[in-house]
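**Q** Take a look at the following structure, please.
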Amino acid sequence: MTARAEPAPARTLAPASALTPPRAPAPKSLVLACDLQAPGSEAAARAILPRLSTGDQERIARLGRPADRTRSVLARWLALQAASQLLGTPWTALGLGRRRLGTPYVVAQPHLSVSMAHSGRYAVAAVALGGRVGVDVEEISRVAALPDSAFLTPAEISALPPVRQGGEPRAMLWALKEAATKLTGEGLRAGMKRVGFRWRSGTRGLSAARTPYTAGEFTVCRLPGGYVCAVGMSASTPPSAPLFLETERSDFFMYPEPENGGPEPDGTADPDGLATAPRSEQDAEEPDAHIWLSVN
Ligand SMILES: CC(C)(COP(=O)(O)OP(=O)(O)OC[C@H]1O[C@@H](n2cnc3c(N)ncnc32)[C@H](O)[C@@H]1OP(=O)(O)O)[C@@H](O)C(=O)NCCC(=O)NCCS
């Protein structure tokens, strides 16, 4: 008898989905802002300060002007709120650290990128998962007072209207450049004129732009009161404008507090520093020399 080979078992085809290499999860991001002119911002900052890390509390206590302290507290709170939303973790369980060159990060969350900015009446923070992020907010009048040659490339200058009509696009370019240098972590050491921006073709208005300086998509928008805000993301398209959080709402702590309180609550900060400074100090909003003076 000749042995007959057993028929090979029919091979079941793997579903198409199993043959497709898994794609990296889509990056997620959030850009949040606070308007310090909205009621409740100082009270919110006072309540938030003791919940920040010891390092942040100490850094904020060293700031001379109450408004700077309020802006810094709220920017950190926004960063923690955004991180909390992306991670699904109470913000009070998260803490911020600071890398050697100044880039902020969320402790024990290396896959999150964080960026913060504060100027005048605004605090802004952007957080992204799976890509890098940079954000900036600027007052138009401060940038319009700068000479073009201090921060713009010849190509940018030739594409701009005269300063009298062109304060806003100039401020937008400044904010875009600063957002790009925060995204890379270089900061203004990068040199503003090394970071040339081109408005993206096909976009209406001056809202989306790219730079050969770093990979990524950038958007910029105007904010009430003569400000602009720019955001850059390396792995996704940033939103066209930040989402505003209201500090006046009694539920501004978006998540319940964890039982052990916030990170490193050791009470070394001066929680009164935000509100009890004499009025004259609060009013002393002297326009400091713009940062470009020290880096260009
Ligand atoms: C980063 C930099 C562009 C911020 O500019 P700014 O207009 O003063 O401040 P903004 O409000 O826009 O941003 C401040 C935030 O940027 C972040 N930041 C600081 N250094 C950063 C860096 N290298 N990369 C990314 N983000 C940085 C911090 O979160 C900071 O917030 P904090 O001061 O509350 O901690 C600027 O400080 C810089 O380039 N620093 C590095 C160069 C330097 O130290 N020069 C000496 C002074 S000119």
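Any Cβ shown, glycine's included, is placed from N, Cα and C.
Model, not experiment: these values are computed from the prediction.
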**Q** If TrEMBL is the reference, give me the range from 1-23, 24-46, 93-115, 139-161 marked as region 'Disordered'.
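**A** Region 'Disordered', as annotated by TrEMBL, spans 1-23.
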**Q** Let's see if you can do this one: DSSP helix, strand and coil counts over the domain '4'-phosphopantetheinyl transferase N-terminal' (47-126), in that order.
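**A** Helix (H, G, I), strand (E, B), coil: 38 helix, 19 strand, 23 coil.
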